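Undergrad: The structure that follows is given in the form of structure tokens.
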């Protein structure tokens with residue numbers, strides 16, 4: 001039979017019972033520390049999650065800052081700040097024919113309708129600056145120059161100033177010459193106009209004088225015809241008598257016409273005027289054409305007369321020459337007999 005050691009068991013149970021409270025204490029202390037660690041971990045996770053949620057919901061909206069880009073001299077558009085926006089603008093942009101600012105510059109610019117007001121102002125300012133002449137600045141001698149170099153720079157500045165003065169003087173002289181030429185041209189044109197006006201006035205006066213002469217000559221011719229008609233009417237009718245028988249009647253008849261022809265003379269009248277000036281002008285014109293004339297006065301009239309001639313044939317020949325030269329108002333007149 002097996003023997004049981006009850007004493008050993010009792011001791012072992014006692015020792016076991018004594019050791020059990022220490023183990024309880026140890027288990028209680030380990031569970032407290034583990035709970036603290038868990039609480040801390042949970043708190044860290046909660047704070048981390050809260051921070052993420054706060055950042056996600058309270059994120060500041062990025063406002064795109066638009067910077068004012070100045071137009072470059074070559075007219076190219078500014079670089080894009082947002083890639084995708086620039087690509088969309090390129091897809092939606094209308095194609096237009098580019099117009100260069102200047103023939104020398106190779107750049108191309110959009111039409112002015114697509115430019116903003118600021119860009120237009122900048123372009124206008126750039127064009128005005130390009131049109132202006134560059135200002136020449138005098139060289140300023142720096143402190144480290146030697147006296148000889150300073151003299152050279154001063155001489156160079158003086159030469160430049162003299163050249164500028166000479167250029168200004170030449171420009172002023174050219175302007176004065178141009179003004180004088182314009183004045184001379186205006187004066188010449190005015191003189192030509194005056195001469196033309198004087199010539200026209202002289203021609204009008206000559207035409208008026210010719211018309212007056214023709215009227216006066218017509219009036220004189222009418223008066224002469226009237227006088228001749230009156231004389232014919234007032235002359236008594238010739239008394240016809242029977243001629244006495246005389247020897248050689250034919251010889252006496254021939255002698256009488258010969259005597260009348262020898263006593264009758266002819267003259268050519270080229271106008272009669274009340275003023276001596278008009279008569280003198282007509283006489284001068286006839287003398288210039290080679291006709292000798294004289295002025296006779298009678299009854300308040302100044303008559304320009306050529307002749308006298310012995311027969312009618314010579315008077316007719318001079319009359320033809322006068323009419324061929326343009327004096328159509330001349331008429332033949334019988335004098336004496």
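Placement of Cβ uses the backbone N, Cα and C atoms for every residue, glycine included.
Caution: TrEMBL annotation is automatic and unverified by curators.
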Undergrad: In TrEMBL, one of 227-264, 265-302 is tagged region 'Disordered'. Which stretch would that be?
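TA: Within the set 227-264, 265-302, TrEMBL attaches region 'Disordered' to 227-264.
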Undergrad: Out of 73-94, 95-116, 117-138, let me know the one TrEMBL marks region 'Disordered'.
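TA: Checking TrEMBL against the ranges 73-94, 95-116, 117-138, the region 'Disordered' one is 95-116.
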Undergrad: Give the range, chosen from 1-32, 33-64, that TrEMBL lists as region 'Disordered'.
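TA: So the range that TrEMBL calls region 'Disordered' is 1-32.
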Undergrad: If you skip the near sequence neighbours and keep only those at least six away, which residues in the chain come within under 8 angstroms of residue 270 (disulfide bond), Cβ to Cβ?
TA: 282, 286, 293, 304, 305, 306, 322, 327, 329, 330
